[in-house]
Amino acid sequence: MTAAPTIGVLALQGDVAEHVAVLETLGVSTGKVLSPEHLDSVDALIIPGGESTTMSKLARRYGLIDPLRKRVAAGMPAYGTCAGMIMLADEILGGTADQETVGGIDMTVRRNAFGRQTESFETGVRIDGIGDEPFDAVFIRAPWVERVGPEVTVLGRVPGPGEAGRIVAVLQGGLMATSFHPELTGDTRIHRLFVDIVKGHA
Ligand SMILES: NC(=O)CC[C@H](N)C(=O)O
């Protein structure tokens, strides 16, 4: 990987501009990815939050689902937030019958997992790799991770049933995913972690 990689943002739907803005703040070369040609031109990709069922349909319609699968399988680093986490999951629960994912992370993700009362909430989460200060995490009809495979490192959890709590941040090789939206709070530590992962990924 070059010292100055380009990190694209999948721009089918969702929080695209917010991620582009954070990457620009960090001085990272970025651009919106809306076609297989755009995808070819980036070194890594952020898949934003939004609505995963819509994103799945649009990815198919724009001819991006198979190129995305190929790039991820070939080792392109990617970071998925919320709906983007769902897109990077090998297996999902609570999806629609025709919902497709890109996959890549050996995990099972449950859509809209936090239920009605807590559809949206904000809480401090300790995330491995960004220092001890809890990250102010915004959850919006967020998924959680119900199962991780042996290659997956859990980076963060929120309190939940059982001692371990619910998994909300994971890493597998160059693939990272969080249930929450780090692009909304002005704290750039998670994006910086991803940029470091991208730079360190040969
Ligand atoms: N904020 C979000 O990205 C919500 C995700 C949404 N519930 C989905 O299933 O895609």
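Glycine too: its Cβ is placed from the backbone N, Cα and C atoms.
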Binding-site annotation, TrEMBL, L-glutamine: partner of G50, E51, S52, I140, R141 in R110, R111, R189, R192:
R111
Write down the Cα-Cα distance for C82 (active site, nucleophile) and G50 (L-glutamine binding site), rounded and given in Å.
7
Cβ atoms near E183 (active site, charge relay system) (within 10 Å, other residues, all chains):
26
With the L-glutamine site defined by G50, E51, S52, R111, I140, R141, which remaining residues of that chain have Cβ atoms positioned within 8 Å of the Cβ centroid?
G49, T53, C82, A83, I86, N112, A142, P143
